[in-house]
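A.B. asks: Sharing the record's features from Swiss-Prot:
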BINDING   Lys26, 72-73, 99-100, Lys103, His105, 124-132  5-phospho-alpha-D-ribose 1-diphosphate binding site
BINDING   Phe34, Phe35, Thr128, Arg156  orotate binding site
Amino acid sequence: MEQYKHDFIEFALSRNVLKFGEFTLKSGRKSPYFFNAGLFNTGRDLAKLGEFYAQAIQASGLNFDVLFGPAYKGIPIATTVAVALVNQFDVDKPCCFNRKEAKDHGEGGNLIGSPLKGRILLVDDVITAGTAIRESMEIINANQAELAGVLIALNRKEKGKGELSAIQEVERDYGCQVFSIIDFDDLIQFIEKSEQYAPYLASMRAYREQYGV
């Protein structure tokens, strides 16, 4: 596992964004872990979060023109990632996000920031049902831009209602690559080398066996 992935897991644990235990998800599934990126909510947390996204972007080698953060959770992510790319790698990319409702006065339309053109990298926290991606695709298509890729914090790598995960459905439907800072397999790898979290290894493996893709 790359060092930045290991560091991100430790960071998420330290902020209680990632927890191991027994949790009931909205879907009704019993999960041995829970991930809530909304708890990255201080200036220091967001600055650090942006650095991890920036490292994942550099590791991916993806070529893109504009960062896009879907409202609402993607907005602070796109902003902090744009800053981190400049500070860490001297890569200066424009960023853009959407309003949920279009304004009829002031700065018009439903987009704020850079024009949405060229190859777009969409950044968000997780993909659960893919709804935000589908809504974003309408905006990207309306601006004659192209979705180059999607970057999220965590890929749960689990089945949706069918055999595919929500991420696999997005990749299939839009022909783009979805990549993540960490995925479920990274969590298991982390636990395998951790005395503190070793008690959760069996339940994590069982969950992967039942729901993994």
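First residue shown is number 1, and so on along the chain.
Just so it is clear, glycine is given a Cβ too, placed from its N, Cα and C backbone atoms.
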A.B. asks: Taking the residues Phe34, Phe35, Thr128, Arg156 listed for orotate, what is the greatest CA to CA distance in Å, to the nearest whole number?
C.D. replies: 13
A.B. asks: Based on Cβ atoms within 10 Å, give me the single least packed residue among the binding-site residues Ile127, Ala129.
C.D. replies: Ala129
A.B. asks: These are the binding-site residues: Lys26, Lys100, Arg156. Which one scores highest on other Cβ atoms within 10 Å?
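C.D. replies: Max Cβ neighbours within 10 Å, all protein chains included: Arg156.
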A.B. asks: Using DSSP, would you call Thr131 (5-phospho-alpha-D-ribose 1-diphosphate binding site) helix, strand or coil?
C.D. replies: helix
A.B. asks: Which of these binding-site residues has the least crowded Cβ, counting other Cβ atoms within 10 Å: Thr128, Thr131?
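C.D. replies: With the binding-site residues Thr128, Thr131, fewest surrounding Cβ atoms within 10 Å: Thr131.
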A.B. asks: Near the orotate site, what residues other than Phe34, Phe35, Thr128, Arg156 in the same chain have a C-beta no further than 8 Å from the centroid of the listed C-beta atoms?
C.D. replies: Leu25, Ser31, Tyr33, Asn36, Val126, Leu154
A.B. asks: What Cα-Cα separation, expressed in whole Å, is found between Phe35 (orotate binding site) and Lys26 (5-phospho-alpha-D-ribose 1-diphosphate binding site)?
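C.D. replies: About 13 Å separates the two Cα atoms.
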A.B. asks: Nearest by CA distance to Lys73 (5-phospho-alpha-D-ribose 1-diphosphate binding site): which of the binding-site residues is it, out of Phe34, Thr128, Arg156?
C.D. replies: Thr128
A.B. asks: List the same-chain residues at least 6 positions away in sequence whose Cβ sits under 8 Å from the Cβ of Asp125 (5-phospho-alpha-D-ribose 1-diphosphate binding site), in sequence order, or say none.
C.D. replies: Ala37, Gly38, Lys73, Gly74, Ile77, Ile152, Ala153, Leu154
